[in-house]
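Q: Below is a structure I'd like to ask you about.
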Amino acid sequence: MTSNTNTLDRERGILIVLSGPSGVGKGTVCAALRQVAPELVYSVSATTRAPRQGEIEGVNYFFKTREQFQQLIEADEMLEWAQYVNNYYGTPKRFVEDVLRSGKDVILEIEVQGALMVKNKFPEGVFIFLLPPSLDELQNRIVTRGTESDETIRSRMSVALDEMRLMEHYDYAIVNDHVETACSKIQAILAAEHCRRDRIFPKIVQWINEVN
Ligand SMILES: Nc1nc2c(ncn2[C@@H]2O[C@H](COP(=O)(O)OP(=O)(O)O)[C@@H](O)[C@H]2O)c(=O)[nH]1
Ligand SMILES: Nc1ncnc2c1ncn2[C@@H]1O[C@H](COP(=O)(O)OP(=O)(O)O)[C@@H](O)[C@H]1O
């Protein structure tokens with residue numbers, strides 16, 4: 001038996017897509033997830049939206065002009081992209097593919113149109129939808145965050161309803177009532193998906209055959 005044949009490694013990482021309406025807490029839950037699951041890789045999106053106070057280029061987003069964003073699409077460098085409330089958002093393709101090929105799991109925090117594009121390309125991905133405890137609480141969270149104008153808040157609430165109608169296309173729905181609970185549920189889903197996908201059985205058969 002060689003050392004190459006007796007490791008129970010998976011060949012490719014798992015692609016996780018986390019969606020949910022603006023203000024539901026995707027960013028907050030992802031930040032908590034980073035603390036407890038540092039092995040998970042986060043895809044940084046490109047956007048034409050202006051940076052919010054404190055946002056850092058390459059950390060929160062790659063901030064682009066409309067022309068630059070268009071060029072990325074034309075050069076086929078986007079895994080998916082979507083227009084959301086007057087701005088474009090998209091996932092750089094190469095980074096995600098490299099991470100998956102290296103055997104690590106990668107998480108995309110994206111809206112629903114883009115998530116459905118990803119589902120076409122990666123049906124084996126894990127699609128998780130984050131829900132608010134109520135619509136009032138959703139609005140309250142967007143308002144409390146204080147990053148949006150009144151008009152943008154109205155647009156985001158209207159998009160939120162459209163997004164929730166498409167929830168049935170997801171594998172899992174999680175209510176973000178408490179950040180820690182939502183985070184634990186995502187970890188539990190990931191752990192279960194690892195068990196389901198691990199290519200352990202062929203390896204075990206190989207071990208047994210090699211011993212006999
Ligand atoms: N399709 C797509 N949506 C994205 C991407 N990055 C972010 N989004 C989504 O775009 C929406 C607006 O993002 P943002 O302006 O940062 O607002 P926030 O998520 O409410 O803080 C959210 O639903 C994000 O999840 C991306 O690469 N692709
Ligand atoms: N479980 C929660 N309970 C209460 N407030 C929350 C919870 N999750 C997030 N928030 C708050 O809601 C607001 C929006 O969260 P954010 O992570 O920016 O949402 P998203 O990334 O989905 O737009 C923030 O002020 C955040 O602190």
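From the backbone N, Cα and C atoms, a Cβ is placed for every residue, glycine too.
Annotations for this protein, taken from TrEMBL, read as follows:
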- 13-191: domain 'Guanylate kinase-like' (DOMAIN)
- Gly20, Pro21, Ser22, Gly23, Val24, Gly25, Lys26, Gly27: ATP binding site (BINDING)
Q: What other residues of this chain sit with their CB within 8 A of the center of the CB atoms of Gly20, Pro21, Ser22, Gly23, Val24, Gly25, Lys26, Gly27, the recorded ATP site?
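A: Apart from the listed residues, the neighbours are Leu130, Pro132, Leu138, Arg141, Asn176.
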Q: Filtering Pro21, Ser22, Gly25 (binding-site residues) by proximity to ligand 1: which pass a Cβ cutoff of under 6 Å to any of its atoms?
A: Ser22
Q: Which Cβ among the binding-site residues (Gly20, Pro21, Gly23, Gly27) has the fewest C-beta neighbours inside 10 Å?
A: Gly27
Q: Relative to the Cβ of Val24 (ATP binding site), which residues of the same chain, six or more apart in sequence, are found under 8 Å away?
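A: In sequence order, Leu130, Leu131, Pro132, Leu138, Arg141, Ala160, Asn176 meet the Cβ cut-off.
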